[in-house]
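Features reported for this protein in TrEMBL:
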| type | residues | note |
| --- | --- | --- |
| REGION | 1-21 | region 'Disordered' |
| DOMAIN | 55-112 | domain 'P-type ATPase N-terminal' |
| TRANSMEM | 288-311 | transmembrane segment |
| TRANSMEM | 331-354 | transmembrane segment |
| BINDING | Asp400, Lys401, Thr402, Glu500, Phe544, Lys567, Arg600, Thr680, Gly681, Asp682, Arg770, Lys776, Asn799, Asp800 | ATP binding site |
| ACT_SITE | Asp400 | active site, 4-aspartylphosphate intermediate |
| BINDING | Asp400, Thr402, Asp796, Asp800 | Mg(2+) binding site |
Amino acid sequence: TRRNRPSPLSHHSNGAGPACSAAGYRKAEDEMSGTTSQADPIDATARIVLLNRAQTTKFCDNHVSTAKYGILTFLPRFLYEQIRRAANAFFLFIALMQQIPDVSPTGRYTTLVPLIFILTVAGIKEIIEDYTMFWQHWISVAVGDMVKVTNGQHLPADMVIVSSSEPQAMCYTETSNLDGETNLKIRQGLPLTASFQSLEELMVLSGRLECEGPNRHLYDFTGTLRLENHNPAPLGPDQVLLRGAQLRNTQWVVGIVVYTGHDSKLMQNSTKAPLKRSNVERVTNMQILVLFGILLVMALVSSIGAAIWNQQHTDEACWYLSRAGDISLNFWYNLLTFIILYNNLIPISLLVTLEVVRFTQALFINWDTEMYYAETDTPAMARTSNLNEELGQVKYLFSDKTGTLTCNIMHFKKCTIAGITYGHFPDLDCDRSMEDFSHLPSTSQNSTEFDDPTLIQNIEKNHPTSPQICEFLTMMAVCHTVVPEREGNQIIFQASSPDEGALVKGAKSLGFVFTARTPHSVIIEAVGTSSQILCMLCFNVCLFCSNRKRMSVIVRTPTGKLRLYCKGADNMIFERLNETSQYKDLTVAHLEQFATEGLRTLCFAYVDLEEGAYQEWLKEYNRISTVLKDRAQKLEECYELIEKNLLLLGATAIEDRLQAGVPETIATLMKANIKIWVLTGDKQETAINIGYSCKLVSHGMSLVIVNEDSLDATRATLTAHCSSLGDSLRKENELALIIDGQTLKYALSFEVRQAFLDLALSCKAVICCRVSPLQKSEIVDMVKKHVKAITLAIGDGANDVGMIQTAHVGVGISGNEGMQATNSSDYSIAQFSYLEKLLLVHGAWSYNRVTKCILYCFYKNVVLYIIEVCALIAMCKTFKGVDHLKMTILSSSVFMFPTFMLQRKPGISGNFKIAISRHGVCNIYVYVCVCVCVCAGRVMQCWSFWLGLILVPTACLLKDVVWNAGRRTVRKSLLEEVQELEARAVDPGAAVLRDASGRSLNERAHLLTRVFRKTPSSVGRSNSVQQTVSHGYAFSQEEHGVVSQSQVVRSYDTTRQRPSM
């Protein structure tokens, strides 16, 4: 608490997510990932936080903003961005030159006023776009405050845990915003403060908290809590809750705020939003520089001509010109004069025209109803309009997995018990196809879609497999580390693993309800021949880890038997089965079937233990539990001694649900020659499963798995794979590269990076697992710099912000992980499937329209002002910088008619007029030119002029009128027909089903068919893939946490009343 502040335990966070943008994180020891993150503070001053007293040091407030500009930084940053454009820099130079007396043949403000107008329009557009991106996070907490956060809320600042509703001051946090992992992590306060749970106790706390100064090390924290009348207590990262994490499965937690606002570790890792430029803009800049070079040559030739003319025509010979003191006799003044005179060779209207065109294209994206997600009332949003054409040139797409490709919802779908598979749909004789799932209602709240009454009927009718079914369901309700909580008549399951939560809920739906847990027992309500309550004594929990790929519990059944339940990956379970175990072949066949549907499987087995053998094992287990050296490894070896001679019961199948339309979208983008890389913080097996189910990895692909733990091993493995490819290196092969974050630490180092890139470019799909946010941005940056292709990154969490900002184009998904990615992105959409139309329609057409607009502006100015260098014009001006408008217009009139007709060119009318003509700029310009030309012809009264006015345009446009117009009328291409229908707001579906001759659709037509097919909006759709894949097991838990899962289940007694604030 703090003096002169509201209630210290007031409800501060309001459930809002953090507004921080995280460019990257890494562990302290990870020094080989590269240098894309910010440098460490050289000397971060240690921080002293006083408890329940006013702070003696002023700390930064908790305000965080995602705006690109600030009130003070707008003008310098905006002007820098504008002057980087060669056209603006050139016209600023011309405007300055025009201020020199007697140099400019035009007015002093001829260029300055249009330039100010252009900059004003661009500035207004930037303010509007930045305002739409602006989102601030302001929660009134300060350093030293004690803040109460309740279940489901995001942490408003970095805070040290004081106490919580859970035993021993434990709490669960979800860090998917930070590292992409879906499993919950356990943090625990100090035993010293765990008992301080009332307002009165917290108010009387006195002392200070000493800790390190703000730094970017997300996984490090060093501090000391010094309470009066108590010994100092050390603080580490396990006692800290970070801003951006979400409190889960914990009623409340109270903490002391230590870092706020930009001092928080999340913001210490953030970067300013970059100023991105499109590739078209860079090319245009180069073209403008080329035109500037031509202008200099023209001005130089004209100045040399003027010098020669002045030498040949002296003052005595041209006494009637009165050239005494004439500035035109100076060569350098003449050069400046001609530069100013010819400056219109570079179109000053180009930039403002492009700004208006791009802004209108951004509105088209915002107004697209096919990218509107009705369930959350979320439309697509172009947060910047400067990159519209970049969307049409994307070659590499980097995607997050959790929340981007998947819904982050686990569903218990099917199971096989005693050789019989369950989980089919009762109204069909066979399993439903992928399309059939689109009609199912969303059941995300239940986490189960198991709908097969046969299983319960087999129990009730005493089927021969009824004992195995009951044992299987009992194991589902017992073998886990879930903690149940009651809210009224409802039971809420606290699960650190979403897979375990889905299984326990699945058992509940089948009548085996996990109701309570005590430190030494679990209680379930089970159905059978008669309903009964089973209380099983839980003795030991053999923990899950990535190496073991399984977990076990040892219980004593109500009948007095000592039984070990074991669940895990199929290969781990089958290796430990007894030779007499039944149902092996049938279970393997069912596992294959589940795998073809993209489901994640777990095998279930058990064994009855002898009392004497168990006691001997228990002595060894207790001895190893106290060993200091290599305890984890020795415990794994100890578990091996008891987990053997198992009897197979069956297997479960869990679906990590994909978003609607993800497989189809990925398949379409891959057909469009867009390379897709999945970068996820999740486990390798989970990522591979998702790769198969979303069609990124196909049946025919070979998996190249690279998991190494040293630089030399990584180098040797990558070099060996590159050598084996031979001439196919850097060419697309039917390979999928799977690499984990530990290996990436070495693969991204300077000496190995090229080999890694060569191997990755040789694969059709790349999946990077367990990667940190920093590694995500480094991978994107590597491809961006070395491949020279347009990159796009898409994600939905704070851990994706780094790669979103690094890529040429960043797309944020408005998902369940907050608005961090959306607020840092260039474009935001609600579903991954909308990316298809964003790229293949809006992107492709924006690129087409913008490039034609640029070419039109260049052509218009070139044909208008290039004539001024002609000898005739030069002689008429006597090589002086005097504007001779009528002669220029007269000479250029025949060149302007093709420009005028360009607007009517049949091949581009459907798109070009939308992008340009609607603004009226071209029409007005053409009307003026025609009027001036007709006026010139009337003054000249020359029949040859009028004849040329008719013949020259006719000859120039004959090909377009006869060939192009005729072809487009009689034999349109599919693209042209679709464009015209879309421009008239007509459904192009009929057009894409046939071509002009009625033949079958080609590949491009199929792409368009997919683009214009509306995607079902239901998240509840299942996307399975019918193909043979490796079995993926469903399990994810925090490993080596501050509190082991065994300790967690020993700490709870859900039969007692929980403490409340």
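Each residue, glycine too, has its Cβ placed from N, Cα and C.
For the binding-site residues Phe544, Arg600, Gly681, Arg770, a Cα-Cα cutoff of 10 angstroms around Asp796 (Mg(2+) binding site) retains nothing. Across the domain 'P-type ATPase N-terminal' (55-112), DSSP helix (H, G, I), strand (E, B) and coil residues number 23 helix, 2 strand, 33 coil. Within 10 Å of Asp800 (Mg(2+) binding site), counting C-alpha to C-alpha distances, fall the following of the binding-site residues Asp400, Phe544, Arg600, Arg770: Asp400. Look at the binding-site residues Thr402, Asn799 and count other Cβ atoms within 10 Å of each Cβ; Thr402 has the fewest. In this structure, the binding-site residues under consideration are Asp796, Asp800, and the one with the smallest number of other Cβ atoms within 10 Å of its Cβ is Asp796. Across the binding-site residues listed here (Arg600, Arg770), the residue whose Cβ sits among the most other Cβ atoms within 10 Å is Arg600.
Across all of the domain 'P-type ATPase N-terminal' (55-112), the predicted model scores a mean pLDDT of 81.
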